[in-house]
Structures are given as C-alpha cells and as structure tokens.
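Presented below is the structure to which this report refers.
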Amino acid sequence: MPARPVAPPAGGLGWANLGMDIVSVNRVRRLLDQYGERFFERMLTPGELADCRTSTGLDVLSLCGRIAAKEAAFKTLRVRGRFLPWPDIVVRRSDGGWPLVELRGAAAEMASGSGIAEITVSISHDVDYAVAVAAPVLAPLPANTPTTRTT
Amino acid sequence: MADGLQQVKNWILERHPERQDIAPDLDLIENRLIDSLSFVEFVFLLEQESGVSIQMETLEVDAIRTLAAIETHFFAAAGATAGAEAVQA
C-alpha cells in the first residue's frame, strides 16, 4: 500500500478538525424493527433516548440525528484504532432546542489527548436522512507554548 | 472454520453481496465492510456467536480488524478467554 500523506497537527488560530456524518432512516428503522429499543440502549444514554421519545414511541429521525451527531463529534477527535465510545459522547437537547455535547469517560480522555475542551454540533434531517456536523473547541494552550499544536 | 466464525463471515457477506468471499487477512475496516453503525450490530452478533460479553468502549479495533483476528480473540479456545479479558478490562 502506498504511503499516505500525514495530516498537519491541529491547532493555531481558527483551526478546527470538523466532523460530519449522515445516517439513513431506513437503516435505523430496520435496526429498531429487528432488535427493538435494547439495541439503541448500547448507543444512547437514558436521557438521550428520552429526548427521542414521543407519545407513540421512539422517533426514528431523532434517533438518526443523535447517532449522526455522535459520529460527527467522534470524527473531530482524530483518534486511531478506537471505535466510537457511543455512550460516552452524550448529545442532549438544550432548553432552546440546540444539541449540546457532553464528553464522558473514554471520549473525554480522547478529547483531552487531542487538546479538545468541548465539541459543538449541529443536526439536520429530512425524510430519509439525518446529518450532523461537529467542530471542536480547542483547550487553551499553556503559556509560552508555540501557536502550532504538536499533539 | 468454527461455526460461529462462519456465521460472522456469512453476516458480513449478506450485507455486501458484491463479495463472493472474505480472506482471513482482509482488513474489514479499511475495506468498509464494518462501519460505526454496523459495528454495534456486529458486536451483538459476536456476543451471540462467541458467548463472550463485549464492552464496546474498550474494544480495540485490531481485535476485529480481520476474520483471523476475530477467530483469535473470540473463537479460539484460549484466545477467546484472552479476548474476553482484553475487551472487559
């Protein structure tokens, strides 16, 4: 396999490694039909599942949006050799309706290792697909550190 | 090949009808045979077929990167024990 180019290190004024994801409604509906809610209990916290619930049960578009947001947020971390720690990237609905990302456990460790303090996401969906884009908020560099990150 | 591993291989082939077979050393991740969403379903299948409880948060990609690695970590008699310890650590 030919050598691949190396991405520059994150950091510096205005720098952000964005993450983006798209999730198919058909795919998630099949998983819900085949496995039931217990499948999503491995991916979403009880609070996230509550955010996706309506009077008629889990809303598939909301599920897709949460899943896309988690994947998009994970992509900003740029970690090798690890799978998405689903329950550790928590996407909740704020008072205004905007999604908020909370990093826990393994995700918080990965973010810390990548110099990321927080992640902001935006979610959109329409009929067949949900998409999300995420941007990291970089942790402040210690004083006297060059502006280009090396981590 | 163990029955459980054959079931895993069949599960992947059913979702990728363009493939006739999967070599033991084929990289399942690089070749996009398993992505992050199908990974969760894949873990369900692996637990069912191997009898090993898997913690997704600590599972290393290399443990499921190839069919050969899956056999080592989840289906070989001694390897299944080591794999279970590794993923439950």
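Just so you know, glycine gets a Cβ as well, placed from its N, Cα and C.
Since the structure is predicted, the reported quantities are computational estimates derived from the model, not experimental observations.
Taken from TrEMBL, the feature Mg(2+) binding site covers A:ASP21, A:GLU71. In sequence order, A:GLY19, A:ASP21, A:VAL23, A:LEU84, A:ALA132 make up the list of same-chain residues 6 or more apart from A:GLU71 (Mg(2+) binding site) whose Cβ falls under 8 Å from its Cβ. A:GLU71 (Mg(2+) binding site) carries a helical DSSP state (H, G or I).
Per TrEMBL, domain '4'-phosphopantetheinyl transferase' is recorded for A:18-109.
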Task: DSSP-assigned states of the domain '4'-phosphopantetheinyl transferase' (A:18-109) in counts, ordered helix, strand, coil - done: 47 helix, 21 strand, 24 coil
